[in-house]
Amino acid sequence: MFLAACPGSGKTRTAATRVGRLIRSDVAVAACSYTNVGVAAIRDVITKELGIVPNSRHFIGTLHRFLLRYVTYPFGHVLFNGPTLRLVQDESALWPVLLVDGDARKRISIASFRMRPDRSMRLQNLPLTIGSSPEQVMESCADEARAQKIRMLRRGLVSFDDAMYVALRVLQTHPAIAASVARRFAELLIDEAQDTSELQLACVREIADSGGLDSLTLVGDIEQSISAYTGASAEGCEALATHRGLTRIDLVENHRSSQKICNVAVHFCSRTTPDVAVGPDASHPVEPELLVYDPRDARTVLPRFESRLAELGEDLRDAAVLARSNKLCDEINGVALVVDIAPRPLLLGRAVAAVRGSGTLSRSDVELVERLLCFAAHGHEDVSALQDRRELRSGVMCLLRAAPELDTDLRAWIRAASRTLDQVTATLVATPAKTGGQVLRSAAGQEGHVARQFFTPQPATLSAQTVHDIKGESRGATLVVIDKTRGRARGQSSLWAQPLLGEAVAPEDAEELRIAYVALTRARRYSAVAIPNDCPEDIIGAFKAVGFRLRNS
């Protein structure tokens, strides 16, 4: 079946309940989700609410991990009769570098390219320093990138994304393997199917077409497909459902948001009828609101939102401020850079600040510093290639403890940190691959600025995060901040207003509207949009016409 759900419909709970019922019936099932958050939600329902402990016959995890475990790792080597494949981080120095149009100033790693199901290439990340269009880079480098990737595969090295291409090629060229994987489980269930990459969907198709799978269930909301950067698309999900002849079941009752929120959100999706609010907040009387802000100081949206939440009696801990990009989030949170800082000293400084009480040192922070230290000691960032990571992790903690005090000049801090880095790398290897100055580069213009102000977020009860960060979650109240017009690009407010003004949305902009839809539907009771004051009056009028109330203070 294809369980087509709306926001707040309880699709993940529904999927998990189905999985639990199958497990209790002694039916082998593989339940996969696009994200670890989705996996955790499924597992919590099964184990905590239903009291079921799945045994080894079943699989609950991401689809990426499923394909690694049952296809890529055990069978990937059969493509080239080579060694067992090993995953390599995209940032690793092991990846060859190509020259765009033969220009030594335009260097791009083959890790920026991705294999597609039809064996063509697509460009995943284009460094801003290249100065060429994606089309120019593809024309110049795509063929060589493909050839280099094949050479790396023969050596047993593969990127996280290309590991899915390997799985697909194994399933396509060895039907017996596809059938064997299918026969392990009576049902394969894919949650968040709308965000599943094109490679993973192609793998699922091969497994389902093998004849060994009794049941395929897709669960998702086409209107929430916002992961095009992985090759995912709403069309791809629907095409698989159609190809397999899945019975479509629509869930149109929203147990999360108020009816007033549902009524405005429908204008940002392809559906014409608002979802039916049936949850405890369905009749909440507060209308969605529109705030106009000065984009020269995006930080002002935070105290205004906090003040409004206090008026409404909403809990700040159950609220979220959302933006499309990390850059806008930084501007809202007051950590936008007024001077240039290279990525490595910036990540180290933020980790040091977290250790010293300005925040929480996350696992991601530690892993970033690990890669920095690995680069200094060994000349590459592939931590997984090290035989023993314990010394590296110990070195990370030494580096964070010994780093200079943050209440010093920014450039002086970076230079002092580079000397500390030299001391730490000397304890790891006899001859470090890089000097501290090569890894942590300072620059003119950094003098006269205190390091702490760039590494420590400004204190705020709320902080902005991207829409992707909160996908699948809900909040009592949300503020979605629309970005200002940047450079020659069309303003985000103009794009959001297109469907409100009755204008057609170009196919290449459809995902941006779906991101708006996802952002608006995170809220249960209060949804607000902050719009920059550089947008025309007719755009503000369009928002008001569909149900947003303009709030002037």
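Placement of Cβ uses the backbone N, Cα and C atoms for every residue, glycine included.
The annotation domain 'UvrD-like helicase ATP-binding' is assigned in TrEMBL to 1-258.
The Cβ of Lys11 (ATP binding site) has 20 neighbouring Cβ atoms from other residues within 10 Å, across all protein chains displayed. For Ala5, Cys6, Pro7, Gly8, Ser9, Gly10, Lys11, Thr12, the entry in TrEMBL reads ATP binding site.
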Where Ala5 (ATP binding site) sits in the secondary structure, as DSSP reduces it to three classes: strand
Tally every other Cβ atom lying within 10 Å of the Cβ atom of Ser9 (ATP binding site). 21
Please list, in sequence order, the residues in the chain of Gly10 (ATP binding site) that are at least six apart in sequence and whose C-beta is under 8 Å away from its C-beta. Leu251, His255
